[in-house]
């Protein structure tokens, strides 16, 4: 039993490390795409990028059937069907669309740090949906995380480098609000997946793959419509024949055909999302949705560091290089991480420590 427990811990640790590495790569790949300009036109296709992400997820279904993967049947659980997976897929579509739009207008590190608030929303949903109880220490951790997120968001408006950004503070504020909204849709997806794994026999590859198929179906209906809906915003529209639209599929493929590195980045993005979801859903299944959301925050430091290097050594602007802005961002990030550590009771506050297990079930 001890050896099996140690193997289980090692397996979970491998999943967590893989999730951080692949997650970092995925965010940077999409930031590369969003800062690519072809013939004077920016590569701005949040919905087509979302479609590519779901194609990456659907690849898991190919592996599932090709290798004839079998789920370990728990007699206490029911047999799961594909229809139930439409619900988390729908929330994934909304999440991907909101986040892909936001990533066009704010630094990738701030994008990732703001996503650190997923812990807060997931914790709240765990309490009210999964009927789990938060300890006093966990509540303090959430409070610190909220303060950290506020400071990180504030850094995006202080000491802005106007010469390096054509985006107004209004569009950046809207982008941050979009990310905050996406935290609720993403947390809903995580919690729903956890409830499914608690009640039904599902193989991880099947879950990821079927959610990808549902996502492709949903966006396959929405994207053609968005190609013809006029967009009159100053920022965020896709321009075709001097007219703004919410999406332009033909321009998407034209730009891919014009730049080999852009095409390779899209392919890399597809396969990185495949691996990221495999790692992520496994973490949800073998640990919890909360662990998944907390660990997701840790990749921020790598995204931030790489973004600063890219900004200072190339013509691409991924981060604000202002010393004071980065100092404020660093302070906010440290507070956010501290909140995560307090919440997970890795950093223990003696007088707040509960005798009960973290997030024990309410009987």
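Cβ coordinates come from backbone N, Cα and C, glycine included.
Here is what TrEMBL records for this protein:
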type	residues	note
TRANSMEM	12-32	transmembrane segment
TRANSMEM	47-67	transmembrane segment
TRANSMEM	142-159	transmembrane segment
TRANSMEM	171-192	transmembrane segment
TRANSMEM	204-226	transmembrane segment
TRANSMEM	260-279	transmembrane segment
TRANSMEM	300-318	transmembrane segment
TRANSMEM	324-343	transmembrane segment
Exercise for the section: Report the listed stretch (47-67, 142-159, 171-192, 204-226, 300-318) having the maximum count of Cβ pairs within less than 8 Å of the transmembrane segment (324-343). Expected result: 142-159
Practice task
Report yes or no: does the transmembrane segment (47-67) come within contact of the transmembrane segment (171-192), defined as 3 or more CB pairs under 8 Å with a sequence separation of 6 or more?
Solution key: no
Fill in the blank from the handout: Quick tally over 12-32, 142-159, 171-192, 260-279, 300-318 of CB pairs under 8 Å to the transmembrane segment (204-226) gives the top stretch as 260-279
Exercise for the section: Can you tell me which of 142-159, 260-279, 300-318 gets the most C-beta pairs within less than 8 Å of the transmembrane segment (12-32)? Expected result: 260-279
Problem - Same-chain residues at least 6 beyond the ends of the transmembrane segment (142-159) whose Cβ lies under 8 Å from its Cβ atoms - result: 106-107, 110, 113-114, 116-117, 119-120, 123, 134, 169, 172-173, 176, 320, 322, 324-326, 328-329, 331-340, 342-343
